[in-house]
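Enquirer: Annotations for this protein, taken from TrEMBL, read as follows:
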DOMAIN    2-123  domain 'Alkyl sulfatase dimerisation'
DOMAIN    131-255  domain 'Alkyl sulfatase C-terminal'
Amino acid sequence: KTWANRGYYGSISHDVKATYVLYLGWFDGNPATLDELPPEEAAKKFVEYMGGADAILQKAKADFDQGNYRWVAQVVSKVVFADPNNQNARNLEADALEQLGYQAESGPWRNFYLTGAQELRNGVVKGPTPNTASPDTVRAMTPEMFFDFLAVHINGEKAGNARAVFNIDLGSDGGKYKLELENGVLNHTANAEAKDADATITLNRDTLNKIILKEETLKQAQDKGEVNVTGNAAKLDEMLGYMDKFEFWFNIVTP
């Protein structure tokens, strides 16, 4: 049997969907999927309509014994989302995902299957958190990238009623930027200054890099004279207080 030029990263079924979705987005053209119930709510309805968790698991176990692992993983996932504490459902879905992992030719698929099985059996195992903000990466970031990074971390709900305007002066190696926080969104404008800014922050790019890399805090940089804040410094502290710290480890197969 010919076994040449195999793709071990993705798969045809995966990549064809990605190419198609690139044009249409998440919508598959079926209006029934336009405004579906959230996963947990939908799962409870699925389980109710299918006669309850026990009935589903009995049929799913029979399918598992026949090797129908894809269907078992799909249907038992509904039971798990309806009741995450149902250990029988978790174990059966884990067994199905494990078998799919053994059979997967694609490396990423295998990893997802086996990670899901591990989560169902043992919960989310939190290993050492990798640091993606390496010095080389940070130095390569443009100021625009950095301000986008800040904007992603703004908790829109907490900052919903806040309003603040800052001028950022990065000197000759970085330029000047206007930051505006309003309606829970942080926007930046290059080569602009606000006349009514709450505060103006002056620092060079090297100091900004150190702060991003957590080699020193904003307060430490101020104390050393590397950062100059004029105006209402409390507004800057307020904005930084709206920043979320994202949890690196999170559930992928449970609510």
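Cβ from N, Cα, C; glycine included.
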Enquirer: Average the pLDDT scores across the domain 'Alkyl sulfatase dimerisation' (2-123) and report the rounded value.
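Expert: Here the mean pLDDT over the domain 'Alkyl sulfatase dimerisation' (2-123) amounts to 90.
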Enquirer: Counting by DSSP, what is the helix, strand and coil composition of the domain 'Alkyl sulfatase C-terminal' (131-255)?
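Expert: Helix, strand and coil residues of the domain 'Alkyl sulfatase C-terminal' (131-255) number 43 helix, 30 strand, 52 coil.
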Enquirer: Using DSSP, what's the helix, strand and coil tally for the domain 'Alkyl sulfatase dimerisation' (2-123)?
Expert: 87 helix, 0 strand, 35 coil
